[in-house]
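Asks: First the structure, which I've put down as C-alpha cells, then a few questions once you've had a look.
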C-alpha cells in the first residue's frame, strides 16, 4: 500500500541544449502514451532498487563512460544500483542509440508487457540515448532519463509549476497533469533534475536536488531515507511528516 500511495511522483532535469528537451519522449508499456498511473503498480518498480542493464556495443568508449557516470550518481545518494545484466535476469534496461525512437527516449518504470520480450524470452525496458544527448550536460541527461526508468515524470508538468514555464499545452513534454490524474510528492522543485530549462529557470543540472534524493529513497523504501530527510530542506521535511496523506 505504501508503494501504491507514493509511486507516482514528479521530478525534473534541465538540459542546456534545448534540442534534447524537444526530442525527449517518455511512454508507458502498452499504449505508448503517458499514463500517469503506470508506476502505481509494484510490478513497474525495479525489485530491490537493482536495475540490470545492457549498453549496446556500438557506443564509443567515451559515450559509454558518460552513461556509466550518470548511473554512478544513484548509489551515492540512494539504494538504487545499476549493474550489467546476467543471463539469469528476466527484466533489464536496454540502452541503444539505434532504436527507431526519438533521440532521448525513456519508458516509465520497468516494463513487463509481452511486446517487450526478446527472442530468448527476456523482457527489456528500452532507452534511446543518441550521441547528441550525451554531448550537452551528458551526465545530467543520463540521470534524467534514468529517473524516468525508475518511474518518475517531469517536475515542470505539475499544476503548481512556475508561471515562467511555457510550452505547447498539448505537447506530451509540456502539458500540465493535474493532481487528480497523478500524485505529487512534496512541494514543486524548480531545481529538480527532472525539470527542463525555461527563461529565468536555468540550472546546471548534473546533480540531484535534495527533493530528488528524498523522493527516490521514499519510492523505493531505501534505508537511507531517514538520512535524506535530515538533509532535505525545511519545506521537504514538512512534506516527509505528512507523506502518508498523499
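Cβ atoms here come from the backbone N, Cα and C positions, even for glycine.
Here the structure is a predicted model, which means the values were calculated and not measured.
The active site annotation in TrEMBL covers 145. The Zn(2+) binding site annotation in TrEMBL covers 144, 148, 154. As annotated by TrEMBL, domain 'Peptidase M12A' applies to 28-223. According to TrEMBL, the signal peptide annotation covers 1-22.
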Asks: Counting Cβ atoms within 10 Å across all protein chains shown, which of the binding-site residues 144, 148, 154 comes out on top?
Replies: 144
Asks: Where the residue listed as 'active site' and residue 154 (Zn(2+) binding site) are concerned, what is their Cα separation in Å, rounded?
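Replies: Pair distance, Cα basis, whole Å: 10 Å.
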Asks: For residue 148 (Zn(2+) binding site), just give me the three-state DSSP call.
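Replies: DSSP assigns residue 148 (Zn(2+) binding site) to helix.
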Asks: Once the chains shown are all counted, how many other Cβ atoms turn up within 10 Å of the Cβ of residue 145 (active site)?
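Replies: Excluding its own Cβ, residue 145 (active site) sees 24 Cβ atoms within 10 Å.
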